[in-house]
Amino acid sequence: MRKMLAAVSRVLSGASQKPASRVLVASRNFANDATFEIKKCDLHRLEEGPPVTTVLTREDGLKYYRMMQTVRRMELKADQLYKQKIIRGFCHLCDGQEACCVGLEAGINPTDHLITAYRAHGFTFTRGLSVREILAELTGRKGGCAKGKGGSMHMYAKNFYGGNGIVGAQVPLGAGIALACKYNGKDEVCLTLYGDGAANQGQIFEAYNMAALWKLPCIFICENNRYGMGTSVERAAASTDYYKRGDFIPGLRVDGMDILCVREATRFAAAYCRSGKGPILMELQTYRYHGHSMSDPGVSYRTREEIQEVRSKSDPIMLLKDRMVNSNLASVEELKEIDVEVRKEIEDAAQFATADPEPPLEELGYHIYSSDPPFEVRGANQWIKFKSVS
């Protein structure tokens, strides 16, 4: 009898030492999924669009929440490191636009392709790279995803082609990637992203034309965050209906602050392209909390009240959180646990990114070729042999 009482006492003692939130989460029965109504997309040259209701599973909801929180916290840490002068040079943050990168990835396959402009940190993460590799790239360290030589604008991963610094220049490249998919007979699509500021570039319309002529599996995606650097879309474009810019290419305008809207629209667009109908255009209406880059305080051309209103009414992370809690897909305590885990991951990555060594000077010309070239190149010094690996 004494042994039994002692055993019961040990069990109760162990339970009492666990955080109350963990005990609550472990004992609570959550719903496996829930159905939500989402905003209808505006359509151009399409008879029907994505569904206006969608099912979110508990598993997917927790995954999306963690990914968006990771992108948010990673960008805030980048802001901090930049202000400490540990990150130098160009740095464009995407906090506020997390539903775009996470939602797009949720709507495609890992074998599909993606190319974007210089606001690329979130996409680099959703394409499969770690926070460690991204922050180390921002700080110019050897452990970065581009060996510390690409920085904020030039990050790469498998089936992810950057990170491109020239405004709009990635759009023809995206059409070329889609051409390769079709030429090689692969059931793959290419997501080609650009901003509202780049939407007026002539090369974009040339890419539209070629993609339509050859019926390429290319999803042209305009991330409309309302401002091209410091110029509002109304001052920069005679028409702000970017989803209609393809003219002969079908298009849809999507609530880019709602991850479920983005996911369903991406699934719809990808299915359209895979069916052989050619390209399609998506406009994601979103918002960036930071300025254009770290050199832009972001409040000279918009008010602090405007930013705060978007944060309070349309924040993508809060929208998903409210849906999950109100539908019994998760509890507030469980999501707080995820927040704590994400913060720890970011801090660990930041420590690595500040302690990892910088690449040696002799490796400056390395990693240009995919395999070691059988020749020497005359550089600033003597004849040197470039290497593809270090």
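Keep in mind that glycine also has a Cβ here, set from the backbone N, Cα and C atoms.
According to Swiss-Prot:
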TRANSIT   1-29  transit peptide
MOD_RES   LYS63  N6-acetyllysine
MOD_RES   LYS63  N6-succinyllysine
BINDING   HIS92, TYR118, ARG119, ALA157, GLY165, VAL167, ASP196, GLY197, ALA198, ASN225, TYR227  pyruvate binding site
BINDING   TYR118, ARG119, GLY165, VAL167, ASP196, GLY197, ALA198, ASN225, HIS292  thiamine diphosphate binding site
BINDING   ASP196, ASN225, TYR227  Mg(2+) binding site
MOD_RES   LYS244  N6-succinyllysine
MOD_RES   LYS244  N6-acetyllysine
MOD_RES   SER293  phosphoserine
MOD_RES   SER300  phosphoserine
MOD_RES   TYR301  phosphotyrosine
MOD_RES   LYS313  N6-acetyllysine
MOD_RES   LYS313  N6-succinyllysine
MOD_RES   LYS321  N6-acetyllysine
MOD_RES   LYS336  N6-acetyllysine
MOD_RES   LYS385  N6-succinyllysine
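Here the C-alpha separation of SER300 (phosphoserine) and HIS292 (thiamine diphosphate binding site) works out to 11 Å.
The Cβ neighbour count for TYR227 (pyruvate binding site), using a 10 Å radius over every protein chain in view, is 22. Among the recorded positions LYS63, HIS292, LYS321, the residue whose Cβ has the fewest other Cβ atoms within 10 Å is LYS63. Among the listed recorded positions, namely HIS92, LYS244, LYS313, the Cβ with the most fellow Cβ atoms inside 10 Å is that of HIS92.
Binding residues for pyruvate (HIS92, TYR118, ARG119, ALA157, GLY165, VAL167, ASP196, GLY197, ALA198, ASN225, TYR227) extend across at most 28 Å, taking the greatest CA-CA distance. Taking the recorded positions ASN225, SER293, SER300 in turn, the residue surrounded by the fewest other Cβ atoms inside 10 Å of its Cβ turns out to be SER300.
For ASP196 (pyruvate binding site), the same-chain residues lying six or more positions away in sequence with a CB closer than 8 A to its CB are CYS222, GLU223, ASN224, ASN225, ARG226, TYR227, GLY228, VAL233, ALA236, ALA237, THR240, TYR242. Neighbour counts of Cβ atoms within 10 Å were compared for the recorded positions TYR118, TYR301, and the top value is held by TYR118. Each of the recorded positions ARG119, LYS336 was scored by the number of other CB atoms within 10 Å of its CB, and the largest score is that of ARG119. Taking the mean position of the Cβ atoms of ASP196, ASN225, TYR227 as the Mg(2+) site, the remaining residues of that chain whose Cβ falls within 8 Å of it are GLY195, GLY197, GLU223, ASN224, ARG226, GLY228, SER232, VAL233, ARG288. Spatially close to ALA198 (pyruvate binding site) yet at least six residues away along the chain are ALA117, VAL167, GLY168, VAL171, ILE204, GLY228, judged by Cβ distances under 8 angstroms. Sequence-distant contacts of GLY165 (pyruvate binding site), defined by Cβ-Cβ distance under 8 angstroms and a gap of at least six in the same chain, are PHE90, TYR118, MET153, HIS154.
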